[in-house]
Amino acid sequence: MESRGVPWLPAFVVTVLSASGSALAANSNYCNGPLVSVLPPTSFEGSSTSSSSQSSHYAKLNRRDGGGGWTPGHTDTQHWLQVDLRERVEVTSVATQGRYSSSDWVTSYMLLFSDAGRTWKQYRQEDNIGTFYGNTDADSVVHHKLSHPIRTRFLRFVPLDWSPTGWVGLRVEVYGCAYKSDVADFDGRSSLLYRFNQKSMSTVKDVISLKFKSQKPDGVLVHGEGQRGDYITLELHRGTLALHLNLDDAKLHPSSGHTSVMLGSLLDDQHWHSVLIERFNKQINLTVDRLTHHVRTKGADDSLEVDYELSFGGIPLPGKPGTFLRKNFHGCIENLYYNGVNVIDLAKRRKPQIYSGNVTFACSEPQLVSTTFLSSSSSFLKVPVEPLMEGLSVYFQFRTWNHEALLFSATLAQEPERLVLLLINGQLRLTHHRSPLQSLSDGQWHSITISLRGLQVSLTLDSEPTSTLELRDSVDPGSSIFFGGCPSTLSSQSCRNPTMAFQGCMRSITINNQPMNLLHVQQGLLGNYSKLQFDICGIRDRCLPNFCEHDSQCSQSWSTFYCDCSGTGYTGATCHNSIFEPSCEAHRQTGSASGYFSIDPDGSGPLKSTLVYCNMTEDKVWTVVKHSSSGAMSVQGSTLQQPHVARFNYSASPEQLRILVGRSEHCQQEVAYRCRKSRLFNTWDGNPLAWWLDRSGEKRTYWGGFLPGVQQCSCSLEENCIDMNYFCNCDADRHSWENDTGLLSYKDHLPLTEIVIGDTNRTGSEAVYTVSSLQCYGDRFLWNSASFYQESSYLHFPTFQAELSADISFYFKTTATSGVFLENLGAKDFIRVELSTPSAVTFIFDVGNGPVVLTVKSPLPLNDKQWHFVRAERTLKEASLQVDRLPLRFMEAPSEGHYRLQLSGQLFIGGTASRQRSFLGCIRALSMNGLTLDLEERAKMTPGVSSGCPGHCSSHNRLCHNWGKCIEKSSGYECDCTHSAYGGPHCKTEVSVSFESGSSVTYTFQEPFSVMRNKSRQSSAIFAQSSKSRESIAFSFLTNQAPAMLLTVSTYHQQYMAVILSLNGSLQIWYQLNREKRPDVFIPHPYGLANGQLHRVQIHREGKDMYVKVMDCCLLTHSVSVVIMKSSEVLQAGSRGFVGCLSSVQFNHLAPLKAAILNRGSSLISVLGNLVESNCGALADKSSSHSLAGEPHHTSTDDRGKERLKNAAQTDSAVIGGLVAAVVLVTLCMVAVMTRFLYRHRHERSQQMAPVKEKDQPPLPSRLEHGFHAELDLRTAVAARDSRKEYFI
């Protein structure tokens, strides 16, 4: 969404916009006069006053009379100072002082505004900042220019913090100017009709501007239509503004022209909102407040033809102005302009072209009083009840985003039983009765009526049918009932919050048909309360604007927003990070063999992933992108006037292809061209008879090589044409078949998008051509590096564009003790990544709330002249820092505060703007927000920096494979395969084991654990750190048995995951992250895999998002299903165990199978049965290898899908990052453990929230009992050591 102006804006719009305010307010430079200094004492009001000399009318800026300012009473818990500006004015700035010559001042405050002194709204600055910083002494003036002016009559200053040595003291001034407007009031049955001077009005550009405030969430604001089917409708729908437009003739184009735009949220808050509609031909800009949405209309026409009239406030039936087709607008509209015409002014002057039905010209103010419940733990409203003989009736309205809350609580006759109305999963639940399946956590107002008569309770929600419930005991509310929550200190009654207290707004509370005066509650005259705001509904839509990236879905609670990344191909708190590797070269580094893979060349950039074929040969990794016309095409009968034209549509978009080609070291595309009596050139005027278009649509006439602009074929470049008088074999114009096949390799022109042939119309003329797929190899950014060897050296690039999100990743190696890797400064904001000590990397940034510092400390020095990986990320939700495979440093962003990182200077790499603390060493593969910086090219022109980096481990040749780490040595290098599932000198040798019936391995290891939030700790190696747990799992298997247990991970907190083959051989992945809910089951591969072939499985889970990739020799579907199945599936698979071969098992940065095989003599490893080391994986890889020759036709498939864990806890880390975890690979002894977990899971579901209890185990075979007891003994030992984890293999 954007808020920029539009270059095509017609001249008369300027008149419209200036007229919509006032002449004085049109220029903010002249709208800065003082407004408070001239006000009478009656314009000031305070929540209380400490003395008559410190009353509210002394609160004028720089005044010293009286007590020198306003000070509230010390017993006042909700203090405020209110100013009546006598009429609606435009306010552009405010200023504050403390009480004159005292120790009383306000250090921070909120600013509320209202038209009538009721129904307040909080003013929010840029970045939705709702707090103004105040004074640090009594007499200095702190001035705030408002980021956007407000038009209001009443202002209320609400102190939040004050002098630490004194009390609240305040003097204020407000600056602005007069504001005049034309207002019309619509009562829900009224409308304005603006009739044209002619029968119909046809326009190619329209401008409609207005302001409105509404008492209802639905209602038509503007409507016009024509007889041919054109229409325009602007309406409120559930508090959102919707614009519907059709420019097409309905008879000619019955359904193609309809266009709808939705914008805004919570617009029924009884406050003013501005709307601007700009249309020029098909282009539409809709602006609501300060958000703009741009869209083009569908259909063929570009003019709007409206007959007779436009209606405002409703859509009247023809001939019946008092009846309407849709809900009328109920509220006020001001400054309504249609193409420069002031409609309300015409109505006020009773002009004949205006029909005004029941419209008045003064805005009526609503009398509803809302209250905001602020705290999810301590907010409550206690109100007294006058008992009635016939029972109790309660009515109220509420709105919220939260899914869990206590809404209402009343005592039953037999305490501690209560009648409780809850919000659970967005649905109402009255005691044990659940409302219809309707989500009430949508931010809309909902009305509730509860009526008790005898033992019967009736509940009515909105306009739904009434539900009834029979109680076992009558209701005795006593002297009071509770709304929104219960006091935490209540001891005499049983009222307590079963879930969360209510966070949201309530209004229209009525008890026994008597409205509750909430202002009396605020004044302490009625009832009691905690953590409430009165006469204001503070609900906000945190999904507007939508900060969830890559088309992900935004949802929210009262205090924050969440992003659902399902199906986007991205992950993270805001769906910022791509789950896919950037290139085929990167896929090979993960140990992948040839096959189809999704790659995302721009990473977190705007482009989506694309599916390509990766051909992994010995010396190169080829990326193959197919197009729509892969077969041979024969051409006859074409001329230059009517040529043969063929277009090629690729599996990737043009922009994706541009980035992919640019990232590659080399690209090529073969054009096989055979001809007889068909020329390519050889014309008297030099114009070609055939050509092709490059990726930019430019005409190209060369047919081979990498030298553009030369009209030659490959035979000319190789000097072997059949007739040396011509540059192409076809130009010899022979009757025999000739060949001009060429290989195009100039990257800037690839791929070929269109081919044109124009000389096949003569007798015997024919051409046959084939265009191959686009083929590229190499990733020139993976090893793009620079060496910094002078202390004052650095590279500079344009400003890093990272307002809302930033991700930075790179490798470095150095011997220096410290240095700045990169830095970018703004006026106040900045971002920096540095080596702060020899063993610590620090990520620091400031978006306006103060510096945020994240540091990862390594137990070993980082200046060891070896490559180390760094990844820093900052989004609106969180910031993180990863160094190598050390625990992630993580910090959540505050829900309130500045969030835009505003940078302006140059980006410095390897140094700073001050040329101090420069980095000495090498940096490579520097990527920032998906864009990899070309360090080598920039280093060529920079003194003190050289391209590339010396050392064996800095070359393009991949010396270590499968996540092996290259270690520099004085006379060479070696590969550290510690964290790789492979072995051998280059980490290429598979570690495979054949399992017989009854065999298993148990591997136990010790490692510290933690969850990182606001300070550095270490974390679990099994379950990755941070507030969201994550796993990356990869393994290969071969079996003929189904069902079978492939892998199981379980924690001592009763959560587990299991990867099994079901009875039909299909792969299933089970997750149980929340023991109170059913497990999630994923079926990424619905076909049988127990077929004796080797299959590779890769699983990645982050929080609630999971991605699965299955690679084998067969063509697979690309779907992931979530189904509800019985836990017996896992039991059955576990009881059969596994018979077959497992290889290359990787769990996060661990290789448990390899560790178990290499450390059999360790006391931490227990082996049952017979294990045989095998090379089954290597044999399978050898049999399925491919070469580059020819197109891939029978290949591996990337079976990849994404699903979201429905029953995961909101924060999994406390569950999944536990003290002890077990990873189980094809084990039989684990069946007893899984049985206990699953049996307990079923018991807990039946007992709801009841405490967990152990259940007796069903009888098991003796060999399973042996494994079960062995596991119990091991668990006892582990519990004693308190930080052990187990692998069962």
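Just so you know, glycine gets a Cβ as well, placed from its N, Cα and C.
Bear in mind that the values here come from a model prediction, so they are computed numbers and not experimental data.
Positions annotated as signal peptide by TrEMBL: 1-25.
Residues annotated as domain 'F5/8 type C' in TrEMBL: 31-177.
For the compositional bias 'Low complexity' (47-56), the list of distant contacts is 66-76, 78-82, 99, 167: same-chain residues at least six beyond its ends, Cβ to Cβ under 8 Å. If you look up TrEMBL, you'll see 47-56 marked as compositional bias 'Low complexity'.
Under the heading domain 'Laminin G', TrEMBL lists 183-363 (among others). The average pLDDT the prediction assigns to the domain 'Laminin G' (183-363) is 88.
Positions annotated as domain 'Laminin G' by TrEMBL: 370-537 (among others).
Counting only same-chain residues 6+ beyond the ends of the domain 'EGF-like' (539-576), those with a CB under 8 A from a CB of the stretch are 1, 128, 264-266, 269, 291, 372, 376, 399-403, 443, 503-505, 598, 600, 604, 606, 608-609, 804-805, 807, 873, 875-878, 895, 1028, 1102-1103, 1105, 1107, 1202-1204. Under the heading domain 'EGF-like', TrEMBL lists 539-576 (among others).
Shown for the domain 'Fibrinogen C-terminal' (575-627): DSSP residue counts in helix, strand and coil, namely 6 helix, 21 strand, 26 coil. Among the features that TrEMBL reports, domain 'Fibrinogen C-terminal' is placed at 575-627.
Residues or ranges marked as domain 'Laminin G' by TrEMBL: 784-949 (among others).
Feature annotation from TrEMBL assigns domain 'EGF-like' to 950-988 (among others). If one looks beyond the domain 'EGF-like' (950-988) by at least 6 residues along the same chain, the residues whose Cβ comes under 8 Å of a Cβ in the stretch are 588-591, 778, 782-783, 785, 787, 813, 865-867, 885, 922, 924, 1034-1035, 1144-1146, 1149-1151, 1153-1154.
Sequence annotations record features per position, and here TrEMBL assigns domain 'Laminin G' to 1010-1176 (among others).
Marked as transmembrane segment by TrEMBL: 1214-1239.
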Task: Secondary structure tally of the domain 'F5/8 type C' (31-177) (DSSP, helix then strand then coil) - done: 12 helix, 67 strand, 68 coil
